[in-house]
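Asks: Below: one structure in structure tokens.
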Amino acid sequence: MRAVWCGFALGVIVLQQQAALPGWRCWLALGFAGVLAMAWAALALRGALLDDRGDGSDDVAADTAANLSTRFKASGARWRVASGWAAVWLAAACAGFGYAAWRAEIRLAEALPVAWQTRDVDVTGYIASLPAYSKNDGKNDAEGGASFLFHVESWGGRGAATPLPHLIQLSWVPRDAPLPPLVPGARWRLTVRLKRPHGNGNFGLRDSEAALLARGVRATGYISDPQHATRLAPDAGGFGVRIERRRAALRARIDAVLGQAPHRGIVIALATGAQDAVSDADWRLMRNTGTSHLVAISGLHLAFVAGLAGWAAGALWRRARWRGVPAPLFLPAQRVALAGALVAAALYAALAGFNVPVQRALGMLAVAALALFAGRAIDRATILAWALGLVLLRDPWAVTAAGFWLSFGAVAAILYAATGVPRVRRDAPDRMPDEDFANPMRDKDDATASVSRAVREPRGLRERLRAVFAPRGGWRAGAQRWRARVADSARVQWAVTVALAPLTAYWFGQIPLIGPFANAFAIPWVSMLVTPTVLTSAALPAPLDAYALHAAHRFISVMMQALGAFADLPGAVLRLPQPGAWPLVCAAVGVAWLLAPRGWPLRWLAPFTWLPLVIPAPGGPPPGAFRLTALDIGQGTSVLVETAHHTLLFDAGPGPESTHAGERIVVPYLQAHGVQRLDTLMISHDDSDHSGGAPAVLDAIRVDTFVAGIARAHPLWAKAQEQGARRVQCAAGQRWQWDGVGFEVLWPDPGPLAGKPNGHCCVLRVTSAAELPDGPDARGDEPAGEPAGEPVTALIAADIEANVERTLLARAPERLRAQVLIVPHHGSRTSSTEPFLDSVWPLVAVFQVGFLNRFHHPNPGVYARYAARHIVLARSDTDGAVRIEARAGAIGVERFREHARRYWMDPRAPDVN
């Protein structure tokens with residue numbers, strides 16, 4: 001079954017990389033390939049088995065070297081077996097591809113009609129998830145907002161041609177009144193404004209649309225008329241709703257006890273699985289120390305619950321009697337303990353939100369339990385393969401999330417590394433000869449191992465104390481056993497660290513070098529102190545739960561202080577750009593090579609395969625050229641300009657007052673592309689959609705020079721001074737050159753800034769040494785008055801309006817000529833006048849606008865003005881991020897939603913009216 005489930009997973013992964021779902025021809029080819037592969041697998045494996053049983057050719061080949069025909073026959077049998085298993089993989093991959101495509105067809109069948117977007121719609125239904133509250137307060141109060149899943153029972157609009165979504169994601173922002181109690185299962189009649197699923201699309205960053213699809217969300221929006229929201233009776237029921245209501249009650253208890261305690265979010269995360277209350281500072285510290293997995297309920301926490309429940313169930317059953325007969329005579333206590341552990345683990349998994357790591361651990365525990373009940377011995381790799389299949393059957397989109405790869409990768413690394421390390425147990429004579437067969441769960445992963453120990457160690461308190469303080473064989477034997485356990489733990493941590501390093505570099509852009517040491521402290525601390533205390537608080541009634549919650553918070557505070565000390569060590573984190581396919585493949589080969597069994601040849605060469613990962617090739621453009629990337633940050637501006645050895649960020653997008661784009665998108669994008677230092681951060685003017693993200697950039701990225709068109713009293717100047725950046729007021733006439741690329745500020749004039757911010761925006765001109773080819777340009781006609789071989793120029797116009805455009809035209813119209821234009825003021829009707837466009841005469845124009853934004857940018861008339869000039873147009877709302885390469889002899893335009901298109905991305909462009 002290992003080959004079957006691994007092939008199935010391969011097919012699912014391939015499907016999730018497709019730009020479109022398969023058509024009928026693909027389905028036909030898929031079915032034919034699957035049937036053919038199954039037939040060949042059956043013939044090849046059956047024939048090889050018959051050959052092996054028929055004449056003992058393997059023995060003959062081993063004993064009679066001169067018998068060439070026997071050798072050829074044995075070699076042929078091996079090739080048949082290999083081809084047979086390859087056919088099994090192919091058939092399973094076809095099945096996985098088809099299953100994932102079928103599930104996707106069903107889920108995508110529900111769609112919000114395009115005509116219903118941004119219009120008020122009445123819906124009736126119930127809250128289907130634990131609400132996530134704004135981090136401004138972290139609680140349900142008068143100022144913060146909340147988001148939640150809403151199960152729609154009926155729609156107030158007219159019928160639609162396609163099935164309407166039954167699950168939508170809503171945000172509730174209070175206006176004139178505080179938020180009402182948002183309880184899972186509560187039924188409401190709401191007026192909402194919705195849109196089809198859409199996320200920011202940027203190179204190398206997380207795909208939020210895939211996450212929405214995995215959760216079954218087919219529309220997102222907000223309550224547009226909260227004053228008329230109506231609470232209905234009765235509340236919805238069902239097992240899922242009761243679980244969510246229990247999670248909400250637990251969170252309310254923790255909020256009531258801990259209030260605004262700094263690490264309250266970690267307590268909530270460990271109790272309910274909800275991570276929205278974890279502070280940004282805590283996340284940053286745990287990412288830098290490689291301990292963020294401890295906040296997500298995973299196999300480690302499930303192991304504790306399952307082990308404790310199994311031990312309690314077994315202990316009670318051994319003492320139970322039925323009509324004077326001991327209960328274990330009717331049913332072995334071992335099976336009762338295992339059943340109790342499985343039930344407790346399933347309930348805890350549901351309480352934790354059933355994330356992928358929990359699914360993996362629960363799946364392994366369930367498969368091991370079934371094997372034990374059936375009296376079958378099953379190897380650990382097969383248990384993991386079954387868990388892989390169960391997770392993907394439930395959620396084929398799990399492969400698009402980091403948790404899937406990190407969870408299965410960690411366990412696979414542990415199992416692979418353990419195959420080459422034989423262990424000799426000194427207490428082996430105390431075991432029954434058939435104990436390994438009777439207990440196939442011995443030494444399984446974190447969840448199954450805990451239950452296994454609880455099942456096979458029915459000791460009382462006295463025996464346990466004696467085992468600890470007076471071990472068999474004396475103190476020397478006990479010390480040896482402890483050393484062996486420490487060595488095993490170190491080996492496991494080493495295997496996990498090595499195996500997950502390439503994955504963490506890909507998903508998070510860093511490798512926490514201090515991680516093994518931080519985890520050596522944090523994992524036992526969380527396992528033995530924090531998690532038991534949090535779970536105890538959930539079981540205790542008020543007011544006793546307050547003592548346990550305060551104790552858990554104190555334990556977490558001590559741990560965070562220790563992690564802070566680890567993070568402050570020099571070289572604690574190795575930050576890397578997101579690696580490509582080739583460095584990842586090399587690193588994966590190196591991991592398998594390094595963790596191979598002892599005696600594997602040339603293992604000392606394995607670390608050299610990591611060189612493409614840790615020493616990436618320079619990613620900048622060649623000297624004399626530049627790369628311009630207009631990020632998709634919603635409604636706002638953020639443009640990254642790169643030369644061979646320098647970088648400039650023009651504006652940083654919205655900040656906390658809006659979408660947190662500076663923190664969510666701009667900073668992660670810079671880090672994912674290896675930008676650890678900005679030569680210049682230029683903030684064009686004091687509009688929040690341009691300057692709001694600047695504090696996040698200054699906090700996370702080293703900035704050498706801060707240039708801005710904002711008043712001197714603005715707090716950003718003080719922020720830049722705190723970070724050690726040189727501060728310069730943006731003014732026309734400023735010029736500099738990097739790597740053969742010229743930079744020039746065209747506006748505003750030097751002196752005090754007066755009037756509204758749009759009137760004194762920084763306007764930047766970037767000119768490369770690259771030349772366009774002679775002859776027709778990208779539009780297919782020769783632009784009037786443009787000499788062939790002119791250097792490639794980009795003009796970033798910020799939010800200037802018509803009056804500034806006229807001033808610039810009157811001064812020096814030749815300075816405005818540019819092949820690439822970042823459209824002024826997002827395509828507003830107050831900008832992009834006809835004379836301005838005629839003077840610039842761009843080949844490519846980029847509109848940085850938000851999806852279905854409330855300003856209706858770009859203006860239809862302005863958009864038509866650009867289209868009439870046959871300019872190559874790009875829009876961040878429909879194209880995602882736009883990357884422009886101005887290099888020798890050409891201008892290359894790359895759109896994210898063309899480069900990384902997936903089948904779940906909505907192909908419909910929003911109306912420009």
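Keep in mind that glycine also has a Cβ here, set from the backbone N, Cα and C atoms.
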Asks: If you check TrEMBL, which stretch out of 294-316, 547-569 is marked transmembrane segment?
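Replies: Here TrEMBL associates transmembrane segment with the stretch 294-316.
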Asks: What range among 78-95, 492-509, 582-599 does TrEMBL record as transmembrane segment?
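Replies: That would be 492-509, the stretch labelled transmembrane segment in TrEMBL.
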Asks: Report, as numbers and ranges, which residues of the same chain sit near the transmembrane segment (336-354): CB under 8 Å and 6 or more residues beyond its ends.
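Replies: Here the qualifying positions are 130, 243, 246-247, 272-274, 297, 301-302, 305-314, 317, 327, 361-362, 365-366, 369, 372-373, 447, 451, 454-455.
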Asks: Can you give the mean pLDDT for the domain 'Metallo-beta-lactamase' (635-826), rounded to a whole number?
Replies: 88
